[in-house]
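Noted in TrEMBL for the protein shown:
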type     : residues : note
COMPBIAS : 16-30    : compositional bias 'Basic and acidic residues'
DOMAIN   : 105-151  : domain 'CTLH'
REGION   : 1-54     : region 'Disordered'
REPEAT   : 267-308  : repeat 'WD'
REPEAT   : 312-353  : repeat 'WD'
REPEAT   : 524-559  : repeat 'WD'
């Protein structure tokens, strides 16, 4: 609402529960000035407050409450004149005269008067006692500060104690009389007993205690609008935009165009099947590994293009997976039944090779602090090494399988691995306690959510299961529709708040489900071979990568990001306009 400049001072209306509310007499000069500026067309005050009237298409919004909430918002926003005029024009005051008197007394530190007025408002006995306690406690503390010990003691004995509430606090207040320094230990500062500051703070506490119908809560309108936006956001199946894109002008509803569904690039640098792909934590890099014995670091440019940065050679066997360090400055590559190599992302240099005589390595990952790595072995053990390859811990026994994913929670306390064909081990390093997720079929892969609370498990029976792993494991959702008969297919969380599930499939498509509802949203064609792995860019809600047996990596994005001009060869890159 625009406000024209006015030489008269603003109305001294209370902006919220922290300032005194003053009445506006009819002959107040400021009120006359504002009223006249609106012209003769301003409606006169209504004789009825419209308590029984409703507005809105469904007739469930009480008009009086609606107007009071708007008035409260105007004062909170600093539009005192507009708030006062809305009260006058509607004939619906924000607060009753008794509540206005009470708020003014509290703000000005008139403790005895405010307690007396409180009794006339019409509160329940429990609320009135609790509210009286807050006021009298402040009175007690101010008397102590003024060194009026006898008066403070009288207030405690004859006013606070008879309320029979907050007995623990009463004992602490009594200790303040014996030892004034106790007030400091209780967290009561001198600022808590300074004039209007103390009154404002007490009024803020009272507002949370008194019924909303008596004292309208601060920012009530903002809260209602935020809840409405929350409901719209939660009901939006395709929601994948930041909150800054939400608008009050229309109901929010994302379309499928907010889900990456169009091929923007085809990356063809690998010479054989691409088995694994993963974006770095910051989304600025993409790592891939292949049956061609190599891994590649790709760089994601600011304009969304993905360009080859380093080809990592040195493995003698196919590279199963890659794993980014917590700060994305290094990357691990794990050869099939071979060794683990640690690389510098900036230079592409191999920094260390991890191996164990007579034992092959099948999976790997990083400590949360980046100071060490963990690995699954072909002898079904799990080992932890520092960056120089020194053994730190080792768990023997049936801890992993030959086809095995591994993960460690961000607090470093739990290691997760496939320990049997149909079971996942949740190993607590501190408590030395194991939990198991027992599945109905053979497990082929899994993925840990960003918040470490959920596990996405791919099964041989062409199902993907979502498990909660807080406390005892619990199956939450199932996702179906993709194809898997022979190969290891990997899925991932993605999108805003990881609200979507994406997966590869042996029918050459990428599948995307809504995480909460389990609804299959999209099946994306384009690859000419099985899609082994997918990764959703954590730094770009609208970028998805897929790796396939056709030897390519596809970068998926939104329709409006399509590059124009058809396919163009750029070394090992193809830019695409569409899905083919």
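Each Cβ is built from the backbone N, Cα and C atoms, and glycine gets one as well.
Worth saying up front: this structure is predicted, and the values here are computed from it rather than measured.
Nonlocal intrachain contacts for the repeat 'WD' (267-308), taken as residues 6+ away from its ends with a CB within less than 8 angstroms of a stretch CB, comprise 315-324, 326-328, 331, 333, 335, 343, 345, 348, 488, 490, 529, 532-540, 543, 545-555, 557, 561, 571-574. Using DSSP to sort the residues of the repeat 'WD' (267-308) gives these counts of helix, strand and coil: 0 helix, 22 strand, 20 coil. Residues in the domain 'CTLH' (105-151) partition by DSSP class (helix H, G, I; strand E, B; coil) as 35 helix, 0 strand, 12 coil. Mean model confidence of the repeat 'WD' (524-559) amounts to 96 (pLDDT, 0 to 100 scale).
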